[in-house]
Amino acid sequence: MIAELIREIGIEGARFIEENIDEQFKALSYLSEGMDRVNFVRLVIANALVSYQLTGKGEMWWWEFAKYFKGKEVKTIYSAYKEFLPNSKFNRRLIQQKLLRIKKIEPFLSTLTEESIERYYEDMTLLWKAIAKVLKVDRESKTVVFSVKMFGYAARIVLSKFNPYPMEIPIPEDVRIIKLTRKLTNERPRDFWMKIAKESNVPPLHIDSILWPLLGGARVEEAPPELKEKLEKLIRVIR
């Protein structure tokens with residue numbers, strides 16, 4: 001049943017949710033205005049990689065990030081986060097571990113150019129593999145796949161172009177997705193949602209975009225009537 005509902009919503013429905021309902025996308029759009037495009041993309045990837053063990057809702061954390069860096073000159077991402085994280089309201093845990101991760105990824109981020117951003121946006125699996133290799137972590141780990149999702153948002157904003165996410169990249173296993181999966185099956189979240197992705201022809205990162213805001217209580221009133229009806233059906237199944 002859930003595969004059928006996701007198929008009905010489709011990639012275009014997921015795109016509507018991403019661009020009009022997901023607060024993370026709204027926060028990035030706000031931050032991007034007046035900011036250097038490459039620096040914006042670098043910051044978004046870095047922030048996604050430290051978006052775990054939060055001390056508040058993910059939506060609030062991304063708005064905190066966007067407001068903090070709006071109009072701010074960033075000399076190095078590491079020095080900026082050394083100041084930002086200890087004073088953050090929504091990301092106060094494991095600060096040293098997160099700073100170490102920023103330090104590891106910054107040399108790679110500093111190589112990004114407009115050309116390489118376009119190249120990675122054309123094939124997001126390349127970025128996925130590159131980030132995992134630099135950090136020496138499993139490429140299916142939550143923050144690595146999540147960083148590709150947020151890169152997709154950032155690239156879409158700066159390039160004014162929509163490219164769907166690749167089917168191969170699994171869903172980020174965050175608390176909301178894990179809880180929902182337990183309600184539906186005994187399978188591992190990434191395996192279950194990959195199966196749903198193939199059945200519905202909607203890539204896992206777009207499935208995440210559909211589910212995650214709805215599980216967080218997002219309202220769907222502004223969706224077009226046909227999509228709104230489909231989302232309300234899905235909400236009855238997942239909430």
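Placed from the backbone N, Cα and C atoms, the Cβ positions cover glycine too.
Not measured: the values here are computed from a predicted model.
Pulled from Swiss-Prot, these are the features on record:
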ACT_SITE  LYS142  active site, schiff-base intermediate with DNA
ACT_SITE  ASP174  active site
BINDING   GLN24, SER51, TRP62, PHE146, PRO172, ASP208, TRP212  8-oxoguanine binding site
REGION    118-182  region 'Helix-hairpin-helix'
| Cβ-based neighbourhood (8 Å from the centroid) of the 8-oxoguanine site, residues GLN24, SER51, TRP62, PHE146, PRO172, ASP208, TRP212 excluded | ALA48, GLY58, LYS149, MET150, ASP174
| message | Show me the subset of GLN24, TRP62, PRO172, ASP174, ASP208, TRP212 whose Cα is within 10 Å of the residue listed as 'active site, schiff-base intermediate with DNA'; these are the recorded positions I mean. | response | PRO172, ASP174
| request: Using only the residues recorded as binding 8-oxoguanine (GLN24, SER51, TRP62, PHE146, PRO172, ASP208, TRP212), report the maximum Cα-Cα distance in Å, whole number please. | output: 16
| Tally of helix, strand and coil residues over the region 'Helix-hairpin-helix' (118-182) according to DSSP? | 43 helix, 0 strand, 22 coil
| field | Coarse DSSP state, helix versus strand versus coil, of TRP62 (8-oxoguanine binding site) | value | helix
| request: Work out the three-state DSSP category of SER51 (8-oxoguanine binding site). | output: coil
| request: Could you tell me which three-state DSSP class TRP212 (8-oxoguanine binding site) falls into? | output: helix
| message | Applying a 10 Å Cβ distance cut-off over all chains shown, what neighbour count does TRP62 (8-oxoguanine binding site) have? | response | 27
